[in-house]
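*Asks:* Below you'll find the structure I mean.
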């Protein structure tokens, strides 16, 4: 403890670990604790978090629980999917994209209640500590940050449990031993890491999966759906207009039923180590295929290729926690500009873990069937023009070839 803290806003789930952190903040810092619990669509009842906080001595006016599902999808998930953001070729950034919103809300609450510190439950080995704290500092540069996992001396699960028992923190029976793996979930995905998943040579046990059925157990008949887009954002499924959160929840249902969205990944953490995670992103997996499908006919080649070049950097910025950085905002502005004509409808076939694009249509389509056809009636296109095009593009290659020939190489 390096600084006197009067009031601290804790990102609080109501689970055992953050309940221990809550009591630790009270006993170690002597601070007044304010709890913030976010509903990001993790699928859990949040009222128990309120009751747990009250039980641990938090004043009712210091308990904040907010339904952020619509804001999460509208202002974070959808902008990210306009970029087709994928980290290291596979990861759809489900955990990463949730952290800046939580950090933003914590800072807003800190300003509202006059808190001089914020706290989180991320460990000292992971990426989340970086993501939370970069967000805090970006939004309130003079904020004090308390990261208990980097400060306290609880070196084992047994010591944590002993602390909980000492301070009469309720402990579920299944929490007394080490959990077989840790879970993070929101409306975009569910992730599992640690323990039984730490050996990358071993297959993920079936009991780890919570958001998807086994693709082999999925229906033998495919499911066909249509998704409508307006300026890069999905707005309707099968002709039914939905809010962002409702739409993603519906895609999750469809993906779950068809075994879509499982990913076993060894990724490179920002802090320097490799980690193995199991991700389930059913709705997001469908959405990515659909968005790329509508872009195929509405984006100019140059814009599409530039977007694909920018995407890895954009994804890396989100993964590493730089959502509020100017370079992410610069890239977002370019990406959003590219989406002004990305409107139309795609048709998809969902089948045993696969998302298959089977149709796309748009009033802004750049696809000209009369131009590309080999049949009679094609629009004016002089095949002889290709000769000059090829010769000009071959000029430097011919020059290089002449040099090699001259030097006998």
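Backbone N, Cα and C atoms are what each Cβ position is placed from, and that goes for glycine too.
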*Asks:* According to Swiss-Prot, 91, 96, 127, 131, 182, 191, 267 bind L-citrulline; which one of 76, 279 is annotated to that same site?
*Replies:* 279
*Asks:* Check Swiss-Prot: it lists 11, 12, 13, 14, 15, 16, 17, 18, 19, 38 as binding ATP. Then name which of 89, 94, 114, 121 it lists for that same site.
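*Replies:* Swiss-Prot names 121 for this ATP site.
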*Asks:* Between residue 131 (L-citrulline binding site) and residue 123 (L-aspartate binding site), what is the CA-CA distance rounded to a whole number of Å?
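*Replies:* The separation of the Cα atoms works out to 12 Å.
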*Asks:* Can you tell me which of the binding-site residues 17, 96, 279 is spatially closest to residue 123 (L-aspartate binding site)? Compare CA atoms only.
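*Replies:* In terms of Cα distance, residue 123 (L-aspartate binding site) lies closest to 17.
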*Asks:* Within 10 Å of residue 96 (L-citrulline binding site) by C-alpha distance: pick out those among the binding-site residues 11, 13, 17, 19, 121, 128, and say none if nothing qualifies.
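*Replies:* For residue 96 (L-citrulline binding site), the binding-site residues whose Cα atoms are within 10 Å come to 128.
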*Asks:* Compare the Cα of residue 279 (L-citrulline binding site) against each of the binding-site residues 11, 17, 121, 128 and report the nearest.
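*Replies:* Comparing Cα positions, the candidate nearest residue 279 (L-citrulline binding site) turns out to be 128.
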